[in-house]
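Taking it in order: structure first as structure tokens, then the write-up.
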Amino acid sequence: MPRFAANLTLLFTELPFLDRFEAARAAGFDGVEVLFPYDCPAPQILERLDRTGLAMVLMNCPPPNYADGPRGFAAVPAAEARFRTDFRRAARYAATLGAKHLHIMAGAAEGEAARACFVRNLAWAAQSAPRLSLTIEPINGQDMPGYFLQDFGLAAEILERIGAPNLRLQFDAYHAHRLTGDVLGTWDRVRHLVAHVQVGGFPGRHEPLGGEIDYPAFFARLKAQGYAGWISGEYHPAGATRDGLAWIR
Ligand SMILES: O=C(O)[C@@H](O)C(=O)CO
Ligand SMILES: [Mg+2]
């Protein structure tokens, strides 16, 4: 049975950050993810996780100064040294929180040099943090112009080439729909590589149900195939977060 997580960067933003943990637990979630938690000292988050019994499912890496910074730089050749320094810091933070997955962001880049750099950095990260589960996520270029990883086929090729058991795919159905228009077909092609699933509706990236993406069919397929990982709600609630949680039931 899959378990459900709330992305606290996007959900429950009616509340101050640390109060979102209890709200997520009260709403029925078993886990949470936070895109860039680094502004908050890890012990404060740990205390909320302990108090609520929520699992820390996923966080992003790098950079720690996300607010106005680039969307990661694992595929940016000029930033290789910075990637390694920041990855070590992010890995320490993730280990402190017992995070299930650490998403490595590629950043804005293109071409053969970027691809080679991405492969080098990912292989190095997987080897230097063997106990962490690392993910990469294809993200559509309308939402994130210039993002290097905009292709599920490329992601699969890179993961298969590196072949590290702790480096897998983050399947965000919202991005899959925007990139391919075929969430179920894409899922079937890459599901053997998937470690984590995220959901959000289209258009608008609001609640999963009721839009163009056939989530009842997607959830039924995950259940039929025995997907046992996490499914995280990563979307902008159309109204109050609690009013839009029918999808976890
Ligand atoms: O889908 C997304 O946008 C995220 O999962 C992400 O990591 C971007 O920061
Ligand atoms: Mg996502």
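The backbone N, Cα and C atoms fix where each Cβ goes, glycine too.
Model, not experiment: these values are computed from the prediction.
According to TrEMBL, the features are:
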| type | residues | note |
| --- | --- | --- |
| DOMAIN | 21-249 | domain 'Xylose isomerase-like TIM barrel' |
| ACT_SITE | Glu137 | active site, proton donor/acceptor |
| ACT_SITE | Glu234 | active site, proton donor/acceptor |
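Neighbour counts were taken at the CB atom with a 10 A radius for the active-site residues Glu137, Glu234; the maximum falls on Glu234.
The distance from the Cα of Glu234 (active site, proton donor/acceptor) to the Cα of Glu137 (active site, proton donor/acceptor) comes to 13 Å. Across the domain 'Xylose isomerase-like TIM barrel' (21-249), the prediction's mean pLDDT works out to 95.
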